[in-house]
Amino acid sequence: MASVPTGENWTDGTAGVGSHTGNLSAALGITEWLALQAGNFSSALGLPVTSQAPSQVRANLTNQFVQPSWRIALWSLAYGLVVAVAVFGNLIVIWIILAHKRMRTVTNYFLVNLAFSDASVAAFNTLVNFIYGVHSEWYFGANYCRFQNFFPITAVFASIYSMTAIAVDRYMAIIDPLKPRLSATATKIVIGSIWILAFLLAFPQCLYSKIKVMPGRTLCYVQWPEGPKQHFTYHIIVIILVYCFPLLIMGVTYTIVGITLWGGEIPGDTCDKYHEQLKAKRKVVKMMIIVVVTFAICWLPYHVYFILTAIYQQLNRWKYIQQVYLASFWLAMSSTMYNPIIYCCLNKRFRAGFKRAFRWCPFIQVSSYDELELKTTRFHPTRQSSLYTVSRMESVTVLYDPSEGDPAKSSRKKRAVPRDPSANGCSHREFKSASTTSSFISSPYTSVDEYS
């Protein structure tokens, strides 16, 4: 993560990349900082030598980035709001899913992982980085320095790839529904694999973390063996892996799913069950698209800030650059608090869960309908009920003649005719139907509860 300009950290450059979500400090630009302390101002910036005394320049820059108390108080409130909403909101989401059997679906297990990642980043990363950025002083010791540089990349990786797993799962459920869905065990394996890959990606941040005690100042930073260019390259790779690549995958999958679900009605699809499942699937996909778009918007300004300040190092001397950084970092961290709000607004079952969680509030009323939303299922899926679906393929309906019991008429006992579109897979009293379908609406083992 790009470092925030402060009185002691104004020269960021490519060395000030920091941890992807977490290290505000300049200490990532420790070489430049030490050069400045030694009086080598020009070499620190890579600028021509000036006649101005380094101590005078240092004092001017320090004054430039000193914030008034009222501004620090406002930023503290803004960051505190993010932490409070993100931690408590995501913990409630986890409780809603794990405490109610009806909520334990494949998609929701990935939402638990997403909520855990977001709550962890908010609790262990946001305020610590804000304090470090404002005071340019590391108060939290060597062990937490390593954790601070390591964990944010891990958590953001887990968050974005949980969303990616949901997108792929939705794609498989809607585009190729007859294939078996992920089991609970397979889902846990996927989640475990996500965290293992996240740990591997973030491990260099832990390995190269350092504490430097300066006169009157303690710094936490990442010192790469080959210097700032290696650090810059690493974080470009991180941006690609935790932002560009997963967003590309989700963009493609949700585009295909959206075309399928909103591409128009299928002729003859008038069954109530079909419309119920279609509506439920649309709601879930719409909710997840909003979650993904929110994440992308929140993190984009921060990544732009990082790239621009790394390439154009003179931007780090702009008098408003610290405010730009604090704003972009706040927006990135705020992505952790929006998901519970989105779930509550767009999903009636999560809304019922939040009502139960806040039932102690005098203005929150939990109705009997809200209780039923979390405790009952709409129907129990079976092989037979799942075939009671909509088919895009032509199927053959075998009609059994009422006179099939008459031996004299056994020769015309049954005949094959094209399926009546008006039947749409729904029950019909005059005949029994047997069809093999390839439905884009239902899989053989999926109920409406999976989507609504």
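Positions of Cβ are set from backbone N, Cα and C atoms, glycine also.
Feature annotation from Swiss-Prot assigns topological domain 'Extracellular' to 1-71, 127-146, 210-232, 309-321. Per Swiss-Prot, the feature N-linked glycosylation site maps to N9, N23, N40, N60; the stated evidence is sequence analysis. The transmembrane segment annotation in Swiss-Prot covers 72-94, 105-126, 147-168, 189-209, 233-257, 287-308, 322-346. Taken from Swiss-Prot, the feature topological domain 'Cytoplasmic' covers 95-104, 169-188, 258-286, 347-452, and the record attributes it to sequence analysis. Annotation comment: Swiss-Prot describes C145-C220 as disulfide bond. The S-palmitoyl cysteine feature in Swiss-Prot is assigned to C361; the stated evidence is sequence analysis. Under the heading region 'Disordered', Swiss-Prot lists 401-452. According to Swiss-Prot, the compositional bias 'Low complexity' annotation covers 433-452.
Feature map: Swiss-Prot annotations on the structure.
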residue	record	CB count, 10 Å
C145	disulfide bond	25
C220	disulfide bond	30
C361	S-palmitoyl cysteine	9
Contact between the transmembrane segment (233-257) and the transmembrane segment (147-168) (at least 3 Cβ pairs under 8 Å, separation 6+): yes
Across the topological domain 'Cytoplasmic' (169-188), DSSP labelling yields 12 helix, 0 strand, 8 coil
For the topological domain 'Cytoplasmic' (169-188), report the average pLDDT of the model, please. 87
Rounded to the nearest angstrom, how far is the Cα of the residue listed as 'S-palmitoyl cysteine' from the Cα of C220 (disulfide bond)? 43
Can you tell me the three-state DSSP label for C220 (disulfide bond)? strand
Rounding to whole Å, the Cα atoms of C361 (S-palmitoyl cysteine) and C145 (disulfide bond) are apart by 40
Tally of helix, strand and coil residues over the topological domain 'Extracellular' (127-146) according to DSSP? 15 helix, 0 strand, 5 coil
Close approaches to the transmembrane segment (189-209) from elsewhere in its chain (Cβ under 8 angstroms; 6 or more beyond its ends): 19, 109-110, 113, 145-155, 157-158, 161-162, 165, 182, 220-225, 234, 238, 241-242
Surrounding residues of the transmembrane segment (147-168) on its own chain - C-beta under 8 Å, 6+ positions past either end: 1, 18-23, 107, 110-111, 113-114, 116-118, 120-121, 124-125, 128-129, 140, 190-191, 194-195, 197-199, 201-203, 205-206, 209, 220, 222, 238, 241-243, 246-247, 249-250, 253-254, 288, 291-292, 295
